[in-house]
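**Q** Pulled the feature table from TrEMBL, pasting it below:
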{"type": "TRANSMEM", "residues": "17-37", "note": "transmembrane segment"}
{"type": "TRANSMEM", "residues": "52-72", "note": "transmembrane segment"}
{"type": "TRANSMEM", "residues": "93-118", "note": "transmembrane segment"}
{"type": "TRANSMEM", "residues": "138-160", "note": "transmembrane segment"}
{"type": "TRANSMEM", "residues": "167-187", "note": "transmembrane segment"}
{"type": "TRANSMEM", "residues": "207-235", "note": "transmembrane segment"}
Amino acid sequence: MFAAELLKIRSMPAPRLTLIITLGLIVVGAVIVAVIAPEGGSATAYYEVPDLIAQVIVAIGAIVLGAWIFGLEFASKTLRLAATVQPSRARLVLVKLGSAVGLLLAYVVAVMAITLLIEAIMASVGSVAFPFAQQLDTAVSAGVEALLWGVFAFGLALLFRSYTAGLVAALVLALGVDAGLQQIPTVGKYSLGSATTSVGDAITGDAATLALGVALLAVAGWLIVVIGAGAARFISRDLK
């Protein structure tokens, strides 16, 4: 079953297009900075702008890919065929989840590694000292946060039994609703966005809303609830 998932990932255009678009936007940002040619105190923009773009775009790309792994089966109505290859629905969910994590890990590592290279090149172009250790921590932080959001999108696609619904719900939550949830007194700091940001802050050494252990528990809670509910619905409902 894992072999079939790997074949799908290698043969379908979505993963490649997501990677190409992500890197393309980062390169465009770098080119714009090179054209503007900031000087003085703003010269760090040579590597900070590509980094900022990467942090945003890699999370969106991870959400797209996370929802795609299972959502593709719902969209193309091939679940019956998948269930024929792997009759155990629980195991099918685990295989899909493992494939999603593997794909997301490969995606974020590739994007952030290439982004670091672009940042180093841009720093050289602008004759700016490049703080590699600092930017590496930032890249790892952004990659981990993106990975967690991608897994959450996987759970939403499974829960809603729809690629589009899972994708839209995850994007709306990540780009808007979660910020509102964080404003709720006391409980807001346990939102998924707050928890993932706290995990990222622990990596970079920045001040975090939640302690690392609490943040990890909060993230685990969100993922277990969403993926668990989606798996329960998938296992108990008829396939289409």
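Glycine is no exception: its Cβ is also placed from the backbone N, Cα and C atoms.
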**Q** Could you give the residue numbers and ranges of same-chain residues that sit at least 6 residues beyond the transmembrane segment (167-187) on either side and whose C-beta is under 8 angstroms from one of its C-beta atoms?
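**A** Contacts with the transmembrane segment (167-187): 59-60, 63-64, 66-68, 71, 149, 152-153, 156-157, 160, 193-194.
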**Q** Go through 17-37, 93-118, 138-160, 207-235 and flag the stretch with the largest number of C-beta pairs under 8 Å relative to the transmembrane segment (52-72).
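**A** Top-ranked stretch among 17-37, 93-118, 138-160, 207-235: 138-160.
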**Q** The transmembrane segment (17-37): which same-chain residues, six or more beyond its ends, come within Cβ distance under 8 Å?
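**A** Same-chain residues near the transmembrane segment (17-37) but 6 or more away: 45-46, 49-50, 52-54, 57-58, 61, 64-65, 107, 110-111, 114-115, 118, 121-122, 125-126.
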**Q** Can you tell me which parts of the same chain pack against the transmembrane segment (207-235), counting only residues 6+ beyond its ends and a CB-CB cutoff under 8 A?
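**A** Residues 89-90, 93, 97, 148, 151-152, 154-161, 189-190, 192, 194-199, 201 contact the transmembrane segment (207-235) from elsewhere in the chain.
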